[in-house]
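A.B. asks: First the structure, which I've put down as structure tokens, then a few questions once you've had a look.
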Amino acid sequence: MATGTGTGTGRFVVWDYVVFGAMLLISAVIGVYYAFAGGGQKTSKDFLMGGRSMSALPVALSLTASFMSAVTVLGTPAEVYRFGAVFCVFAITYLLVVLASAEIFLPVFYRLGITSTYEYLELRFNKYLRLCGTVLFIIQTILYTGIVIYAPALALNQVTGFDLWGAVVATGVVCTFYCTLGGLKAVVWTDVFQVGIMVAGFSSVIIRSVVVQGGIQRILNDSYDGGRLNFWDFNPNPLQRHTFWTIVIGGTFTWTGIYGVNQAQVQRYIACKTRFQAKLSLYINLVGLWAILTCAVFSGLALYSIYKDCDPWTAKKVSAPDQLMPYLVLDILRDFPGVPGLFVASAYSGTLSTVSSSINALAAVTVEDLVKPYFRTLSEQKLSWISKGMSLFYGGLCIAMAALASLMGGLLQAALSIFGMVGGPLLGLFSLGILCPITNPLGAFVGLLSGFVVSLWVGIGAQIYPPLPERTMPLKLRTIGCETEPLGNWTATMAMPILTTLSHAPVIERPVLADHWYSLSYLYFSTLGTLVTIAVGIIVSLLSGGRKQNIDRKFLLTKEDFLSNFAFSKPEKKEKVEVLNWKLHNLADEGIDNLAFNHIEMNFTDNKEKVNGIHI
């Protein structure tokens, strides 16, 4: 029985390693199966797009799995533990994001039959914008994936004693193995398996917590008494970190940049056999997002209920908030051999799904944007082998980046901050192309540049001068039930779970801008980048003759795209996807927010009088 003070927590035993190893083995076997099933991956389209034959349900589960990175498993409960259940408002955000992605971006991408989302930029604007996007996407995704592999391994190692580099290399190698052999189909079906593992891991924690605390009612009562059930905060101040408005408005822009135009997400739903199936996958995925959010938030409330009188973080039992969930698991599940291993497997399933999606997306953009346009005589079989080679190459690179992540600390945190800032301007660029017929290439480029400058300015400023506690409003934590004296001043901006352990930046004297401009809620960074890009893009296009250009309507969102939603009474014709081979190859994959990018990943600063979080 857990004591609530965390004394005598367990360590990993043989059965925990067996469960973790079984998860890796099954993932690898799925890759081998899809390497040979149905005659194997004969063409690059088979490898990168699953032959455009996927159905809605597995794609939906795959999208959900990528969303649920290890940061969700470890970070979201810690976020709720420290800041309360206002995080639940993201349920509204996810609905708006799925609507925007399914009804604005998906119809255009699906109709054009593109493989790389950045192909669209060349078709609509020019090849230079495409190339910019591809290079940005590749650099960002490699950096980010290194962190995704290393950070959860570090958090779990420090609490469970789980071997750090053994876990990093094992997950990286297995991920690369099944991506290289099985392509997109292997990525999707391993994600389906891994989302099951993640749900099982969360469920084990929730069920055991309810038993330990004697029922759900006690958990809710403790959370209410501790101020954790703070669902509604309608403060309109944009400097406040999480309010109803920052989460709904800022979160919608941030996540539409991921679901609407990110290669890793788009590549999967446009691999569906029909547009109806593609849209359906997004809407089913919405149910998955809500389920995960509910599990993660309730886990955070259970975490608070159990440790309300003895916070393990301020009592120095763990060194960062991202270690609270593994600490809880070893505390309350130590008498159940193999179950802590199931939880660790669930955290690593999040890592695998995120990394595999990244590797597959990197291979796709490299082949479509950097190989095909310049080597047009290559046969489909050769392109298929090149795609597999790229998966292998990027897998190795991501493992190398994980090793680099262990050495670079603060620099990597700054790099991760940039990911959130890049998504907004890119979302603005695609929105200009799809929604604004007057936008010309010059307007699009100047708009993109302006959006980047503004969002990088505010984002890097926030990284250097993190918002003060009154902007982040951490809730009280107590240690009266502990024998250990608490740390001095625990309050601070929330450290980005998972990365809090990577570095500590010194406290710096704050300029005037720090408490105003740089203190803007991290969720508004993407919003700011998007709106600046669109506004500047439209103005420059109007001034440079944008009205005179004649744009093919197939590159724009049309009213027929919307009206086709109501044509389901007629039998759906197999949609003929026109694959655009006629144009010198496609656009560059933009550096959209990386796939498994989590709100939690994007923000937070930890504090023990030092800032080590990411504030993007």
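Here, residue 1 is simply the first one shown, and the rest follow in order.
Cβ atoms are placed via backbone N, Cα and C, with glycine included.
Below are the features I grabbed from TrEMBL:
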TRANSMEM  12-36  transmembrane segment
TRANSMEM  56-75  transmembrane segment
TRANSMEM  81-110  transmembrane segment
TRANSMEM  131-152  transmembrane segment
TRANSMEM  164-188  transmembrane segment
TRANSMEM  195-216  transmembrane segment
TRANSMEM  242-261  transmembrane segment
TRANSMEM  282-307  transmembrane segment
TRANSMEM  347-371  transmembrane segment
TRANSMEM  392-412  transmembrane segment
TRANSMEM  418-438  transmembrane segment
TRANSMEM  522-544  transmembrane segment
A.B. asks: Count, for each of 12-36, 131-152, 164-188, the Cβ pairs lying under 8 Å from the transmembrane segment (347-371), and report the range with the highest count.
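C.D. replies: Per the Cβ count, the answer is 131-152.
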A.B. asks: May I ask which of the stretches 81-110, 131-152, 195-216, 242-261, 418-438 has the most CB pairs under 8 A with the transmembrane segment (282-307)?
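C.D. replies: It is 81-110, which has the most Cβ pairs under 8 Å.
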A.B. asks: Which sequence positions outside the transmembrane segment (12-36), separated from its termini by at least 6 residues, show Cβ-Cβ distances below 8 Å to it?
C.D. replies: 160-162, 170-171, 174-175, 177-183, 185-186, 189-190, 193-194, 197, 337-338, 340-342, 344-345, 348-349, 352
A.B. asks: Among the recorded stretches 56-75, 131-152, 242-261, which has the greatest number of Cβ pairs closer than 8 Å to the transmembrane segment (195-216)?
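C.D. replies: The stretch with the most close Cβ contacts to the transmembrane segment (195-216) is 56-75.
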A.B. asks: Rank 56-75, 131-152, 242-261, 418-438 by Cβ pairs under 8 Å to the transmembrane segment (81-110) and hand me the top one.
C.D. replies: 242-261
